[in-house]
Amino acid sequence: MLTRGSAEAEQDLRPVLGVHGFMMFLAWGILLPGGILSARYLKHIKGDGWFKIHMYLQCSGLAIVFLGLLFAVAELNGFSFSSSHVKFGFTAIVLACAQPVNAWLRPAKPAQGELMSSKRLIWEYSHSIVGQSAVVIGVVALFTGMKHLGERNGAENVDGLNWALGLWVFLGVVTVVYLEYRERGRRRARNLSRGNWVLGNVEEDDSTDLIDSRGGFRDKDDEEGRNGGRSEIQLEPLK
């Protein structure tokens, strides 16, 4: 049973924990997932707009995570790792902090027309997996934080906040499924448009390139004509 002094102290901590929870929701529920979505689904936009959006959202989200962490630690005079909320939250923060370092160490991007190196391919997969894992664990930390708040302070509106957070996560999953469907359709359309330029089998046709740099078609006879030779057209009767 709480004494009057401890009950007043717990009551004073509710606004502090409320601000901490709101900041973490803003980071793990909006900014950091938005940065991942921009890197995944906005690359078809011309220019580097998707990269700027990705960087702004990720840096803003990471800064708010640190502010929320310092805010809670300062008011609570530290924290204990015995809580599942602290374990999930600390793991998410470590993964999020690894992302800027990982981005700084990224291998050079291949030039247009060149194959991607194995180092670059491994980096892209690891950068994506670590970022997505950080957000998923961060969202789990939000739910465990709600549970911890209810157990510690006996907040009456925790159930409502849990339902609201669950609805937000559900809407986020539906949005990702829709964007992924759109992205796959866009890729299929792009591959089909590229496939329309293929006019023959390279193994059967001995020509070098079907399309030159100016967008026209060329074959070996055209190359000889440009080199001073004479192109010939032979007609054979149909049998």
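Note that Cβ sites are derived from N, Cα and C of the backbone, with glycine treated the same way.
Taken from TrEMBL, the feature compositional bias 'Basic and acidic residues' applies to 211-229. Annotation comment: TrEMBL describes 1-181 as domain 'Cytochrome b561'. The region 'Disordered' annotation in TrEMBL covers 207-239. Summarising the annotation, TrEMBL assigns transmembrane segment to 20-42, 54-74, 86-105, 125-143, 163-181.
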Mean per-residue pLDDT computed across the domain 'Cytochrome b561' (1-181): 85
Non-local residues, at least 6 beyond the ends, that sit with Cβ under 8 Å of the transmembrane segment (86-105): 24, 28, 32, 58, 61-62, 65, 69, 79-80, 123, 126-127, 130-131, 133-135, 137-138, 140-141, 144-145
Long-range environment of the transmembrane segment (20-42) - Cβ separation under 8 angstroms, sequence gap at least 6: 49-51, 53-58, 60-62, 64-65, 67-68, 71-72, 89, 92, 96, 131-132, 134-135, 138-139, 141-142, 145-146, 149, 165, 168-169, 172, 175-176, 179-180, 182-183
Tertiary contacts of the transmembrane segment (54-74) (same chain, 6+ residues out, Cβ under 8 Å): 16-17, 19-20, 23-24, 26-28, 30-32, 34-36, 38-39, 89, 93, 96-97, 99-100
